[in-house]
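Presented below is the structure to which this report refers.
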C-alpha cells in the first residue's frame, strides 16, 4: 500500500541527512539552534544598521542586504528539513520543490554578485578615498543591489522551469535534504548533458566572473594597504578586508565544489556536507564574522544594551 501511494504521488521524497532516530533528533536540534541563531544575529545586524545613523553608509547598506539574503537562504531549506524530521513525512510536492529551488537558487546567485559589489565598495574606499562619496552614492548603491537581485531571479527563472520540464522516471527519492538542481538532474531518464552544460556556463559566467572581480578588487586593495604608512590605518584596513575575505572563502569554496565539479565524482554524503556549509553554516557565521572586528557595530550594540538596561 505504501509503495502504491509513493508510485501515484506526483512529487518527490526528501531522504534527508540521517537514517537512525538518534542522528535525526541530533540533526534536528542542531539545525534548529543554528536557524534560530541565523535569524536572530542577522536580524539584530539589520536593526543596528537601521537605528544608528553612523551606519548609514554603502558598506552597511550592502551588509544589511547580505543579512536579508542569508536569512532567505537558510529559511528556504531549514524549516522544511525540521518539518520532515518531526513528522517523518518526507514528501514534497513538485510545486513546493520548484519554489524551494527557485528561492534558494536566486538567493545564491544574488549573494555571489552582492559580495562582488561589496569588494568594489572596499576597493573605492581604500584605493580612491577622495572619490568615494561621489562614486558610491546611494543611487549607485541601490542600482547595484537591484541588479544583484534581478540577475538572481532571472537566473533561477531560467534554470528552475527548465529543470522541471524534464521527465523524472528513474526515481522520485531525492538523496538530499532539499531540492537542488544538480541532484534533481540525476533523477531524469532523459539525457541532461545540455542542461548541465547550460548550468556550468551560467555558473562560470555569473559565479566565476563575480569571484574574479572580487579577487582583482582585493589584489588592488592589499597593494594599496601595504603602501599605507600609518600602522593604525593599515591595521584598520586589513581588519575590514580580512572579514570580507573570510566570508568569500566560506561561501565560494563549497559553492564551486557543488556546481563546478563533475557530478560523477560527488558522493551523496559529500554533497550533503558541502550544501550544509553554504546553506546553514555560512548564513549564521557571516554577521558574526563582520561584527567581531567591527568597532561601529560593537559601539551600537553596547549603546542599545545600555538603553535597555
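Cβ coordinates come from backbone N, Cα and C, glycine included.
Going by TrEMBL, these are the annotated features:
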type	residues	note
DOMAIN	41-290	domain 'G-protein coupled receptors family 1 profile'
TRANSMEM	25-47	transmembrane segment
TRANSMEM	59-82	transmembrane segment
TRANSMEM	102-123	transmembrane segment
TRANSMEM	135-158	transmembrane segment
TRANSMEM	197-221	transmembrane segment
TRANSMEM	242-261	transmembrane segment
TRANSMEM	273-292	transmembrane segment
- line: Among 25-47, 59-82, 102-123, 197-221, the most Cβ pairs under 8 Å with the transmembrane segment (135-158) come from 102-123
- line: If one takes Cβ-Cβ under 8 Å and requires six or more residues beyond its ends, the residues near the transmembrane segment (59-82) are 14, 16-17, 28, 31-32, 34-35, 38-39, 42-43, 45-46, 49-50, 92, 96, 100, 103-104, 107-108, 110-111, 114-115, 117-118, 121-122, 125, 138, 141, 144-145, 148, 177-178, 278-280, 282-284, 286-287, 290, 296
- request: Six or more residues out from either end of the transmembrane segment (197-221), which same-chain residues have a Cβ under 8 Å from its Cβ atoms?
  value: 109, 112-113, 115-116, 119-120, 122-123, 126-127, 151, 155, 158-159, 162, 181-182, 237, 241, 244-245, 248, 252, 255-256, 259-260
- request: Calculate the per-residue pLDDT averaged over the domain 'G-protein coupled receptors family 1 profile' (41-290) and state the result as an integer.
  value: 85
